[in-house]
Amino acid sequence: MQDLIKRTLPQDDALNQAIVNDLRSQNWAGFLNYSQVQQLCHNFELTTLKLAMHLLPLAASYSHTAISHFNVGAIAIGEQGDFYFGANQEFANSAIQQTIHAEQSAISHAWLRNERRISDMVVNYTPCGHCRQFMNELHGAEKISIHLPHSQNNPLHSYLPDAFGPKDLDIAAHLLAEENHDLVADHQDDLVNQAILAANQSHCPYSNSPHGIAILFKNSDVVTGRYAENAAFNPSLPALQTALNFAYLNDKKLSDIERIVMAEKALKLSHKTMAETLLSTLTSVELEYYSL
């Protein structure tokens with residue numbers, strides 16, 4: 001990842017050097033906090049939006065695009081000004097529906113860092129209909145601005161007029177808002193407990209079937225994922241995808257996975273088979289499943 005980032009940001013430029021130094025200090029995690037953003041903007045006389053635009057090729061470098069070879073980068077800006085990178089993640093030898101779109105990637109990245117509201121989405125290509133619908137699930141969706149290289153300051157709803165969303169199904173819950181499904185993490189195995197805690201933070205008001213993922217890496221790091229459901233159903237993002245996406249954006253290698261646990265309360269649907277199918281194309285590590 002380090003070499004790819006340096007190729008993406010030529011190091012004969014002072015701004016790029018400063019960005020690389022920030023990323024190196026955090027082990028190449030695709031994230032810049034508010035203080036880092038403000039320091040870069042101050043030192044190089046940039047607006048927040050101009051910095052985000054400059055970072056789009058860097059965000060896109062976190063992509064895995066074995067199918068399309070078309071890298072999309074996105075940056076979700078949180079309400080306090082943090083930058084969350086996102087990139088499209090494709091999975092060869094599996095169903096195309098397993099794909100993570102760049103905007104989904106950035107939003108789920110923000111969610112797993114406990115962001116509560118996205119104010120802006122900066123992306124290098126016009127959002128597809130799938131992503132427009134996914135963003136419409138967000139807390140504060142009516143206030144989100146979309147910024148493209150050729151067109152800035154566009155309200156999300158200008159891309160999705162007469163939108164269908166949670167309110168049409170009489171649902172008050174929104175993605176990124178605090179969630180609690182009263183799941184108790186009291187297992188003797190800590191990794192199982194982390195999967196349960198992730199499931200407890202799922203956004204699943206349509207099926208009421210939360211599930212979470214916990215991945216243990218060989219260096220003892222743990223990455224978790226939560227289920228993000230959508231009013232339109234198909235743009236929903238399973239917990240395995242949010243976990244894998246977070247791993248990719250934090251420069252984790254899937255070859256270093258030691259264990260993978262899923263905890264699920266399968267009331268109306270289950271993601272167990274879908275997760276096992278995807279994992280079989282990525283690793284020899286088998287899914288450990290716990291029904292709640």
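Glycine is treated like the rest: Cβ placed from N, Cα and C.
These come from Swiss-Prot:
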type: ACT_SITE; residues: Glu103; note: active site, proton donor
type: BINDING; residues: Asn88, Gln89, Glu90; note: substrate binding site
type: BINDING; residues: His101, Cys128, Cys131; note: Zn(2+) binding site
type: DOMAIN; residues: 47-167; note: domain 'CMP/dCMP-type deaminase 1'
type: DOMAIN; residues: 186-292; note: domain 'CMP/dCMP-type deaminase 2'
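Mapped onto this structure are the features recorded in Swiss-Prot.
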residue	record	DSSP class
Asn88	substrate binding site	coil
His101	Zn(2+) binding site	coil
Cys128	Zn(2+) binding site	coil
Local Cβ density at Glu90 (substrate binding site) - other Cβ atoms counted within 10 Å: 18
Shell list (Zn(2+); ref centroid = CB of His101, Cys128, Cys131; cutoff 8 A): Ala102, Glu103, Gln104, Pro127, Gly129, His130, Arg132, Phe134
For the domain 'CMP/dCMP-type deaminase 1' (47-167), the number of residues DSSP places in helix, strand and coil: 43 helix, 30 strand, 48 coil
Per-residue pLDDT averaged over the domain 'CMP/dCMP-type deaminase 2' (186-292), given as an integer: 98
Cβ-centroid neighbourhood (8 Å) of the substrate site, Asn88, Gln89, Glu90 excluded: Ser63, His64, Thr65, Ser68, Ala87, Phe91, Thr99, Ile100, His101, Ala102, Ser105
Those binding-site residues listed as Cys128, Cys131, and which of them has the most Cβ atoms within 10 Å of its own Cβ: Cys131
Between Asn88 (substrate binding site) and His101 (Zn(2+) binding site), the C-alpha gap once rounded to whole angstrom: 5
Whole-number Å value for how far Cys128 (Zn(2+) binding site) lies from Glu103 (active site, proton donor) (Cα to Cα): 9
Among Asn88, Gln89, which are binding-site residues, the residue with the most C-beta atoms within 10 angstroms of its C-beta: Asn88
Cβ neighbours of His101 (Zn(2+) binding site) where a neighbour is any other Cβ within 10 Å: 23
Subset of binding-site residues (His101, Cys128, Cys131) lying within 10 A of Glu90 (substrate binding site), CA to CA, in sequence order: His101
Tally of DSSP helical, extended and coil residues in the domain 'CMP/dCMP-type deaminase 2' (186-292): 34 helix, 28 strand, 45 coil
